[in-house]
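Here is the structure we will look at, set down as structure tokens.
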Amino acid sequence: MASLSDQDLEMGLFCPRNYQTEMFEASLQENIIVAMDTGSGKTHVALLRIMNELETRRPQKLIWFLAPTVALCFQQHDVITKNLPAVKSRTLTGQDKVELWTEQAIWDAILKDMQVVVSTHAVLADAMSNGFVRVSQLGLLIFDEAHHCMRRHPANRIMQDFYHPTLVKQGPDAVPGILGLTASPVVRTNSQELSMIESNMNAICKTPRAHRQELLTHTHRPHLQQIWYTPVNIDDPTSGTRTLRALIHAWETIDLEDDPYVKQLRRSTFDGKALQKALLTRKTYCNESLRRFVERSCHIFQELGGWAVDYFIHASIRRLREKIDDSALMLDWDNEEKEYLASFLSNIATIQSDPPRRPEDFIPSPKLEALISFLSSTDDSTFSGLIFAKQRATVTVLATLLSVHPLTKDRFRCAAFVGWSGGGNRKDLIGELLSMQMQRDTLSEFRSGQKNLIVATDVLEEGIDISACSVVICYDKPANVKSFVQRRGRARRKESTFAILFSTDDELCDLRKWQLLEEAMIEAYQDDERKRCEALALETMAEVVTERFEVESTGAVLTADTAVARLHHFCSILPQQPYVDNRPELSFEYDGTGRRRGTFKLPSCVHPDVRRTRGEKWWTTERAATKEAAFQTCKRLYEFGLLNDHLLPLTRKPELRLTDFGGLPSIIEVAEQYDPWTDWAYSWSSPDIHQSRIRVQLNGNPEYQLSMSLMGPTVLPALDAMTLFWDSQNIFTLAFDAAQRVPLVPGDVIEHMRAITALYLQAPSSRSIREERDYVALFGPDLPHTELGAWLLKNGGNDTALDVYSRQVASPTMGIVRDRTRYDEPLLFKKWVVTEDGDVAVVEMECHSLPKRRNLLQRQTLAQGEIVTTAVDTAPAKARIIPATACTIDRLPFTDTIFGLFISAILDRLEATLIATRLCETILQDVQFSSTRHVITAISAPTAQSPTDYQRYEFFGDSVLKFTVSCQLYMQHPNWPEGYLSEGRDEIVQNNRLARAALDVGLDAFILTRRFTPRKWTAPLISEKAVEVAGKRPLSSKVLADVVESLIGAAYMDGGQAKAHTCIRRLLPEIEICPITPPPVHESAPHVMNDSLKQHLGYTFVNEALLVEALTHPSCRSDASTQSYQRLEFLGDAVLDMVVVHAMAHHAVECPQGEMTMIKHALTNANLLAFFCMEFVVAQEHTDVDAVPAAGGFALRSEQKPIELWRFMRSEALDLNNARETVLHRHSQLRAEIVHALHHGAQYPWQALSQLNADKFFSDIVESILGAIFVDSRGDLDVCAMFVERIGLLPYLRRILADRVDVMHPRHTAQRLSKGEALFTAKRVVDGSGNASYRCVVKRNKEEIVVVEGCLSSEEAEVKAANATIGILRANAVNLV
């Protein structure tokens, strides 16, 4: 058959051609025998039919693939497993000892859950004969090399003994479908033979008709060349070498009485007749073996010459000795027979030593000389050839001879191939030089180019997948027409040669037969060429296609003449994918009059509703049919919404934008930050006074607690507790009680509060505060209003230090010490220092300076501080001795005084709370935030240096917005392919749009950008705020966009997805939150689905068609009803982000935004997802049969074999299969390292994953399955998280967070260590052989410090270079220390 075509191998595309699809579709209508030339890709037809049978027809039935040889069975099974890796399949051949499986239980166990079996015809015929396999079990029978189904061949026995009787008795539903594959349906020249094969197989022989011209373009006819030689007369007594003549003489004069079998009969008294027969016929085991050996030796001399026969004889004797030493190779021979043969042949071998290899010793036969002469005329640079010989011995010796002959050894890399069956027969023990092991890698080496010439028996005529050859030589004439056609088909490279060696002694009639065959072949070529020329001439006919379509709104016109170009333009801008051809496919169908109608099939990323469009009319020329079909296709694309009103694709066009947002500069003028104190200033004119208690605590110590009061002219918002950092070890906590309305506050109380507020503001400062006391917010002790006056009299003002000393005031109740010589600098009292100066006591004070830092909202790393409490030790190093006469001491105790330092921080946070409250009551009223805490964080720009800023919430909001928009576009635009969805999302979530949204709703006024600077801070006054006019401020448009995302993130943190969606709707009204509704459930989802896979996913699909779509690669174009996974992968990407972000947001470890970004980047890294895809396996039971020698029988062995997730992906690209195998090989080498890093490593395995360099489809199917689960579950993220948990991603996330795994990319680490001086340059380089690799150079200060070469990707090169750089930088740092 059935090899894959060379063009397919070159292009790497499994995508079926039109003529292959024609044959596949024909096979669905009736039983057919596909007759196409060797190399035309009949395998594709079989693969399509197998897939269709498993998906849509009778998936519970068994598919049996029959091939004539064991080698071909293994090859076809390999093709099936590579292209349909999820299908459970196996081979059954003589190597499995199936002839000894004599129990039904063995067969039942072997075939249990099996979907495809590949075997020789004899295996199935014998199994059916013994009743182990029944016709009713089979859904499809595929006959490779179907021309064998004749006479008593096992293929015909299957049909005649089982298929046809069942068909007659039970009808067509009781028998399997039949698909035959052949390049030569006629074996002989009998005209009735084709009809006989069709009758035997109950099938019609078909060849492509509608797309025959395409078939001809993919098949190449070789030039037939005759090579003449004069044969050797072996009967001439002088002919032959001394060794050959000695062998012939020895055998002819052999004394049969020495034969072990005759000796055995002589010793027996019951075998007289047997002895008589043996002596008369001379047929014993040993003598018959020697006879065949002599015949082969003579044949080799005649065919190849003297050196060849000497080599054959000596090599055979050496091989015999090896077999005797290895008793396992001669189980059927007793020791006496072995010794007899060895002794007989060894005596002959003494005549002459091994044949020499000097040039003059190579005396070829005339036939070999003709062959070598022909080979010498071939082109060395492109040579790839096959030589067919009849006998196995000839094959082995000829390959050896060409490998050592002076004229050929340097030009050809030879190997022999005789197949994998027959070599173990006991009658061939002498003279059988080629073992299975010796030819195991022959074909693969030929495909790879390591060998360029194979000498083979007719085993390579049929089916075996070998590369297209430039030369095919028949060393012996083909036995029949079938062999002639099959061998000729091997020479399918362009300008190839098919040569046959002819003896000058051939009779004229024999020669005439081949001349007639050649003439018939040439006539067939000429007939095909004539038809092709007629078709080309027909295309010159003028046929007018008048179709026209106009878009009224724009005047854009579509005509048949422009449609083809528009269609190709549409396909060209679809997202490019590896292994995928986005060009539209054109096919034709014909009516009874020879007219045709075109059909265009678009790439699988296009919605199935418009993927296939058929022309509406029949045409004489292909050109006209093409135009009209393209016109209908473009018109449907427009009606489906994939072309705009200008009849252009939507990508990068305004149609993907829901609104035109216009551009914004990077820095824009926006409203000044909203000032809530202005509203409070006006409120004092008619106050509704509210008051809140402030409870101050130090280090959580209940012994130090201060109660204060905050008063305002209107309702006070709920304030969150505040943490103020006095120093590195002392922390104040401020808690705010719920505000209470205070009715009828007298004016003197207000004045007392203003005076007390001024007292607190002045207390810790050396500067005099302003005389104005009309503060918008008032502070005082937590006392009844009636006691405020007395409190003020008691605590206001100061005393001289000497007066305080004389009253012996206790230290804890003392106030701030002020040094009048230094502008009333406030000091912290430590102790009195009294000295004697004569009779006069000199009183001095030991004091400490107050801490210089005033921004207590920010945590700082400071030395141990001082707080005036009994628990705080002294610090002599900071002591200052000051004369008491130069100081005053405030009456307000220091424990109250420090509250004055808290007022600026309290009002800063109160201002932020008031702004957030106003925002929640106006713009974000519908969101219904539970508190202002999240909102304050969301509107605080990093430049404000507030206790919290929006960066963390912006990270959350970015993922929530991306996720929400992805869901909206996916649901709203089922007609959009993934490229449109991606670009549509980018248009909505771009910073420009988000910044415009912030301006549209007035969000700019609520963004906190002013930095809190306590040293420059002044208490807000009514008189000033009442006259202020709001201005403008410059602000980055990115900050506007970030705040939009951070508010979405805040809503998400406050109330989950529902509240986040409400916030999105308010800020971005064009985004409609669509419910996630899966498509209607189809009756059956066409896919080879494994029940274990469904269970292992952790989710039961309501609509399995979604899972099928999730597993359909874009290269899979044969299934016109299923879209490729790209749309689901687009959605799954957003879902994965959301699952990861949700896990981080709700984890006990709270990470900063920068670290979360790195973690998310690491977790959603395509190589990591690909690794998890390769590790995600489904256990499947596999049963095999083991021989039990002791019991003389067989035992069934069952084991669980893993089936990886990637095996279920549907693809039609040969290059993809090859790339997949390469990646899996790297996976096997890197797996242990990556697994260890994921479970135990302190660092993320960047280098190992970059070396894995997995193709994107591995990670794509993880995301597409996640998208399918999300849609099928109607948007249930918890269910999606379960799948992410099962593949191993969430457990690794938890380990990263818990163990603080370093996920920073090595390049960033290198940049950090080098302080940004490391310059990385990665380039793709191509060597002299055309092999590409990546090279990375790292320079520091213009000096190369690292060079990495030979990498598979730029990522691998950069990671390796970065790690090397890190090692150098750290080593240098250690050396400097």
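Cβ atoms here come from the backbone N, Cα and C positions, even for glycine.
Database features (Swiss-Prot):
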{"type": "DOMAIN", "residues": "23-203", "note": "domain 'Helicase ATP-binding'"}
{"type": "BINDING", "residues": "Met36, Asp37, Thr38, Gly39, Ser40, Gly41, Lys42, Thr43", "note": "ATP binding site"}
{"type": "DOMAIN", "residues": "367-544", "note": "domain 'Helicase C-terminal'"}
{"type": "DOMAIN", "residues": "563-657", "note": "domain 'Dicer dsRNA-binding fold'"}
{"type": "BINDING", "residues": "Glu1129, Asp1260, Glu1263", "note": "Mg(2+) binding site"}
{"type": "SITE", "residues": "Lys1256", "note": "site 'Important for activity'"}
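In this structure the C-alpha atoms belonging to Lys1256 (site 'Important for activity') and Glu1263 (Mg(2+) binding site) are separated by 11 Å. Fewest other C-beta atoms within 10 angstroms, among the recorded positions Lys42, Lys1256, are seen around Lys1256. In the structure shown, the C-beta of Ser40 has more C-beta neighbours within 10 angstroms than that of any other entry among the binding-site residues Thr38, Ser40, Thr43. Put plainly, the binding-site residues Gly39, Gly41 were compared by Cβ crowding within 10 Å, and the winner is Gly41.
Per Cα geometry, Asp1260 is the residue among the binding-site residues Glu1129, Asp1260, Glu1263 nearest to Asp37 (ATP binding site).
DSSP assigns Gly41 (ATP binding site) to coil in the three-state reduction, outside any helix or strand. Taking the centroid of the Cβ atoms of Glu1129, Asp1260, Glu1263 as the Mg(2+) site, the other same-chain residues with Cβ within 8 Å of it are Tyr1125, Gln1126, Leu1128, Phe1130, Gly1132, Asp1133, Ser1259, Ile1261, Val1262, Ser1264, Leu1266, Gly1267. Per-residue pLDDT, averaged across the domain 'Dicer dsRNA-binding fold' (563-657), gives 87. Gly39 (ATP binding site) has Asp1260 as its nearest neighbour among the binding-site residues Glu1129, Asp1260, Glu1263, going by CA to CA distance.
In this structure the C-alpha atoms belonging to Lys42 (ATP binding site) and Asp1260 (Mg(2+) binding site) are separated by 31 Å. Taking Glu1129, Asp1260, Glu1263 as the binding-site residues under consideration, the smallest Cα distance to Thr43 (ATP binding site) is found for Asp1260. Here the Cα atom of Asp1260 (Mg(2+) binding site) is found 37 Å from that of Met36 (ATP binding site). Neighbour density at the Cβ, taken as the number of other Cβ atoms within 10 Å, is lowest among the binding-site residues Asp37, Glu1263 for Asp37. Calculated from their C-alpha atoms, the gap between Glu1129 (Mg(2+) binding site) and Met36 (ATP binding site) amounts to 39 Å. Sequence-distant neighbours of Met36 (ATP binding site): residues of the same chain at least 6 apart with a C-beta under 8 Å from its C-beta are Tyr19, Met23, Lys42, Ala183, Thr207, Pro208, Leu215. When the neighbouring Cβ atoms lying within 10 Å are counted for each of the binding-site residues (Glu1129, Asp1260), the highest count belongs to Asp1260.
Among the binding-site residues listed here, namely Thr38, Ser40, Gly41, Gly41 has its C-alpha nearest to that of Glu1263 (Mg(2+) binding site).
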